[in-house]
Amino acid sequence: MLLSYLRDRLRLTGTKYGCGGGGCGACTVMVSRYQPGTKTILHYSANACLLPVCQLQGAAVTTVEGIGSTKTRVHPVQERIARAHGSQCGFCTPGMVMSMYTLLRNTPQPTMEDIREALGGNLCRCTGYRPIVDGFRTFCQESNCCQGNGNGTAGCCLDGESPPEKSGNVSDSVPETEPQMSQRFIGENIVWISPVSLDELIQLKADHPQAPLVIGNTNIGPDIKFKGALHPIIISPTRVQELFAVTRTAQGVYIGAGCSLSVVKALLEGLVQELPEEKTEIYRALLQQLGNVGGQQIRNVASIGGNIVSAYPNSDLNPVLAAGSCKLSVVSKGGRKEILLNKDFLVGFGKTSLKPDEIVLSVFIPVSRKWEFMGALRQAPRKENALATVTSGIRVMFTEGSSVVKELSICYGGVGPCTVSASRTCAAIIGRPWNEQTLSEAYTVLLDEISLSPSHPGGKVDFRRSLTLSLLFKFNLQILHKLWEMNVIKEDLSEEMSSGIRPLPNQLQPGIQVFQPVVNGQSVDDQVGRPVMHHSAISQATGEAVYCDDIPKTDGELHLVLVTSTRPHAKIRGIDVTEALQVPGVVDVITSKDIPGKKFRTFTGVDEELLAENEVSCVGQMVCAVIADTREQAKRGAAVVKIHYEDLPEPVFTVEEAMEKKSYFQPQRTIERGNVTQAFEEVDQVYEGEIRLGGQEHFYMETQSMVVVPSGEDRELRVYLSCQHPTYAQESIAETLGIPSNRVSCHVKRVGGAFGGKVTKTSAIACITSVAAWRSGRAVRCVLERGEDMLITGARHPVLGRYKVGFMNDGKIIAADLHYYANSGNTADESVLVVEKVLLHLDNAYNVPNLRGHSVACKTNLPSNTAFRGFGVPQSMLVTENMINDVAMKLGRNAEEIREINMYKEVSLTHYKFQFDPKNLLRCWDECKEKSDYDSRRQAAGEFNQKNRWKKRGLAVIPIKYGIAFSEGFLNQAASLVHIYKDGSVLVSHGGTEMGQGIHTKMQQVASRELHIPTSFIHITETSTSAVPNTCPSAASFGTDANGMAVKNACETLYRRLEPVRKQNPTGTWESWVKKAFLQKISLSATGYYRGHDLYMDWEKQEGQPYAYFTYGACCSEVEVDCLSGDYRTVRTDIVTDIGRSINPSVDIGQIEGSFIQGLGLYTMEELQFSPSGVLLTRGPSQYKIPAICDIPLQFNVYLLSDSDNPHAIYSSKGIGEPVLFLGSSVFFAIKDAVAAARAEAGMDGPFTLDSPATPERTCLACNTDFTQKIPPSRPGSFKPWALNIP
């Protein structure tokens, strides 16, 4: 593939590996091809991970390195994303840059819609997208840039840059092409043939009927990579002109089967503009679907013919093409013929009626006739760039001048093994007038006709069946409106009913970011408190920033691939590596027996095997590892390792099963204040409820990566890795190899995202990789593929929360008893610490006088879960807030009223007897309500809901009180090392790792203030255990607090040493003082140390001071929900946070926005699904959906609380990395508010169940519309579900 060619052969490492399947955009490049017909150059973005190199003959490929660099000139696209603070960890930035650059090459002055579409195929896990959009918004003709965006003194991103180049002025002089010849590329396992004529293609297909035709490689490529499909011969007809021909006739248009979806989209858009409206019904329906097929990069290369013959059951195009009576022109040695694209053509999962030697030459799409109407409707897990849950194409033809149905075709995708035609339903409607009675009877027929087994692959059976009804109902509303427009019926849809076909709002608005200015009189050279750009942002945007897998390969380097368990609970009876060792290139297979030192790690008092030796306890547990000369050879070796198992009975997967078998990790934790039991007897009302919260994959853009290099002497190892805790990795490796820690040096330059997921598992994999390097004496590189990473490394703990709450009729909560059951997986990892933090935050912002909590870590046979941003707090507080919500619903009041009644109001003690002042918590709450205009918007939402039957709006305001620092006091220390060189330059090393949170940038600012020099003098080197030993993890939102104080301490020491020199020459320069100091033998190097807070928690006494201080915040979100599909749009979000005096507002606001969007994903989108046998089913971006640019709030405002101080942290700042993630639950509760409005309209009131995440499925079913009520429920226990209900 092009990606590996760029990275491994050409050393162009700016193009990143993110998923390998075209789903994340990290590998985006621009491909340019000369078009002889028009004598122009076509530029398009594409995923390098899917582009075969042999398909690029005659094309130019531009990578991020090719458009600008710090050594030459930074391109405006690169500069603007950096200066708009749109690059945090930076791993996704080159892909973003290339998507935008390609857009500008084609459209120098794009609209916001153009930008949104161009970035639709790019994922980011750090920023929350807003700053990326703001940076690129400046290229819009109508934009006012960032000058009016409330960015304080951040400056304008247009300052000092040259205009972007226009399409055509770089490399656009191309000679006429020479006559083409067929090509044949012979690889190790595949022969790639590229014919140039149709006759040659037909002959090749006749000779090799089983050989697939590949144009975009968006189907065959992933099948080979992820499913192990083997194709000895591949035919690539990209140069056969007949496959790309477009022919227009009076009856319609023939589109070459090789035309990309983007070309088809542009063609249809032109036809829609040119032809009368009545002739473009099918074209407009297809356009509606084409915008949803993959991201821009996929649409640019995927062909319409390939999309059709792939015959996916949830294809977006096939139902429309089938309903629209489209035809395929097919050629073979036997001649040409036309095939109607219908149920006789689409015969099964991935199967068509095409014979093996037949080739689809073109697709005929007819023009529509007068009185013919077409609709295309779909629902998907994410608004864009997601395979549909259910999709439809519906065409109706009326008898002229009437509402009597003459023809009807209804086709669905997602409700069977292939596209399904509802022929019986059509027969029930044809010949009858299109009215409520006809459609009402049709729904009954449709429900009977399209029936899914409760165990149907993909699950969501009730939801999918209800969607078949509701999508037909939406089409019904569209048709009724059109019939009224054509004067066939007398009454148009009421405003209430027309809401069913009105699209959700979609227009992105500029957001507001407000922060307090620096104090009066602060020196302009003092950068503390100023919105300084991330120190690596430019190099990240140019692709020059080096990540772990970008490190050049050393001579003789080997690659490691892990072999994991395929059983959830079994004894290992033997591991046969004989066949693996015979694979060419394989050097060794590492098993537990090869570990020279400790074979396990002990993190929280429980031993965890590095490699399973006698027994496996989950699918995905590491058993052995294969090392080979190349990664592909190692993968082939791993595939033939044979592990012999003896299954053990009754594996445990859910927390209910763990509770039944008392399968827990110890200790369990309980905490109580007041007398809960007695209080329940004295309250007006008691309510019991529960909520389930699913897990969450970290989905850091850079997968687990490491390179271990033996030095060749003294048993030394240099370890380069992407890790949050290099000291723990160092200790683990040393103990695994049985050598002292001083022989192991761990180096972390930067981390492409971590979020808690690169501590324990990273260290375990580093240990295995080190054993391989130790045994082979050669450097070993281990970079997990996305699916491996998701399978092996664990996720956020799923939690079942149960509660009993006692309250008065005025809304005051008197007693609450909460129980948390966390699904920890097969090993303890950090689970006990997580459930402890769950209990420490169960009060959130509320002063409940009688409060009890109990939490347990359930041991199950799923992959071990681990730390994740928030560390149990997002689970804990969701249960608490849901309890508050239920109290409000029982009392018939808004939840915000109940929250206000029960908040801490004055200096108080927490339930663990820690005193604090909630003043700033209340300020955040009040300011959030004020700045969001909550009261008037709450009233407006109520009016909106009264007028709209099928769309509902909901609002929620959520507070947070989040404890900062480690409750284990020893983890709060930090150290640093600062060198001043004779030329005056300063080198700073500290114990924190740069993961995108901007810690290096803030350390520059700290050193700049303390040494009284510009930041340009200061360089932050890599985090290394050789420079700063015994570091603590970069976690708990405490990295800046601890390391900042350590850097400050070292700089203060150095500045004091220079004092005599400064006094001798008060008017001298920094450089002159440093040179003089050296001559006077004054040490210009100093270590810094920060002891940290002495924090603790005594669980026996149920009291302590586990946190240094609290970060406060409040968030108001408003959503609009489509009750018929469960889709929603976050209309607006306003966040107010108290982070003291920010050291760097731009970095902190970026952390706030990114954390919020990650929380939005947790609570509304992201679903980890396991099969009934414990196999993780969601192993990549095609199955697991994180928020994309289409999911951000349409208006996103962030305010930093003014006039706030914090005496407990450096420069009065506060930690902010984790707290705001929970505020993403404001979207969850806003959805629940909207659902409550829908239920109220149906006569249902009081508390109801809505588990997290509030996916469209759960939201739609909770709305309990007429259509969901028609679905007969499946009887639990009568079937085996497709996926487990985790937790």
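Just so you know, glycine gets a Cβ as well, placed from its N, Cα and C.
Predicted, not measured: the structure shown is a model, and the values here were computed from it.
Taken straight from TrEMBL:
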- 1-67: domain '2Fe-2S ferredoxin-type' (DOMAIN)
- CYS19, CYS24, CYS27, CYS49: [2Fe-2S] cluster 1 binding site (BINDING)
- CYS89, CYS92, CYS124, CYS126: [2Fe-2S] cluster 2 binding site (BINDING)
- 213-220, 303-307, ASP316, ARG378: FAD binding site (BINDING)
- GLN724, PHE755, ARG869, ALA1036: Mo-molybdopterin binding site (BINDING)
- PHE871: substrate binding site (BINDING)
- GLU1218: active site, proton acceptor (ACT_SITE)
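CYS49 ([2Fe-2S] cluster 1 binding site) and LEU213 (FAD binding site) are 18 Å apart (CA-CA, integer value).
Looking only at Cα atoms, CYS24 ([2Fe-2S] cluster 1 binding site) sits nearest to CYS126 among the binding-site residues CYS126, ASN307, ALA1036.
The most densely surrounded of the binding-site residues CYS19, CYS124, ALA1036, judged by C-beta neighbours within 10 angstroms, is CYS124. On the 0 to 100 pLDDT scale, the model's mean across the domain '2Fe-2S ferredoxin-type' (1-67) is 93.
The Cβ of ARG378 (FAD binding site) lies under 8 Å from the Cβ of GLN289, ASN292, ASP316, ALA388, VAL390, THR391, SER392, LEU471, each of these being in the same chain and 6 or more residues away along the sequence. The residues near the [2Fe-2S] cluster 1 site, meaning same-chain residues not in CYS19, CYS24, CYS27, CYS49 whose C-beta sits within 8 angstroms of the mean position of the site's C-beta atoms, are LEU3, LYS16, TYR17, GLY18, GLY20, GLY21, GLY22, GLY23, GLY25, ALA26, ASN47, ALA48, ARG786, in sequence order. For the binding-site residues shown (CYS24, CYS89, ILE215), fewest C-beta neighbours within 10 angstroms: ILE215.
Across the fold, the C-alpha of CYS19 ([2Fe-2S] cluster 1 binding site) and the C-alpha of ALA1036 (Mo-molybdopterin binding site) stand 28 Å from each other. GLY305 (FAD binding site) is 46 Å away from GLN724 (Mo-molybdopterin binding site) when you measure Cα to Cα. Considering only the binding-site residues CYS92, CYS124, CYS126, ILE215, ASN307, the residue whose Cα is spatially closest to the Cα of ARG869 (Mo-molybdopterin binding site) is CYS126. Within 8 Å of the centroid of the Cβ atoms of CYS89, CYS92, CYS124, CYS126, where the record puts [2Fe-2S] cluster 2, the same chain has further Cβ atoms from SER87, GLN88, GLY90, PHE91, THR93, ARG125, THR127, MET701, GLY752, GLY753, GLY996, GLY1154. Annotation for CYS92 ([2Fe-2S] cluster 2 binding site): spatial neighbours LYS16, GLY18, CYS24, GLY25, ALA26, ASN122, LEU123, CYS124, ARG125, CYS126, MET701, criterion Cβ-Cβ under 8 Å with sequence separation of six or more. Secondary structure of the domain '2Fe-2S ferredoxin-type' (1-67), assigned with DSSP and counted as helix (H, G, I), strand (E, B) and coil, comes to 14 helix, 19 strand, 34 coil. Looking only at other Cβ atoms within 10 Å, the busiest spot among the binding-site residues PHE755, PHE871 turns out to be PHE755. Within the same chain, residues at least 6 positions away in sequence whose Cβ sits under 8 Å from that of CYS27 ([2Fe-2S] cluster 1 binding site) are LEU3, THR15, LYS16, TYR17, GLY18, ASN47, ALA48, CYS49, GLY95. Rounded to a whole value, the Cα-Cα separation of PHE871 (substrate binding site) and SER303 (FAD binding site) is 44 Å.
Among the binding-site residues listed (ILE215, ASN217, ASN307, PHE755), PHE755 has its Cα nearest to the Cα of CYS89 ([2Fe-2S] cluster 2 binding site). The 10 Å shell around the Cβ of SER303 (FAD binding site) contains 28 further Cβ atoms across the protein chains shown.
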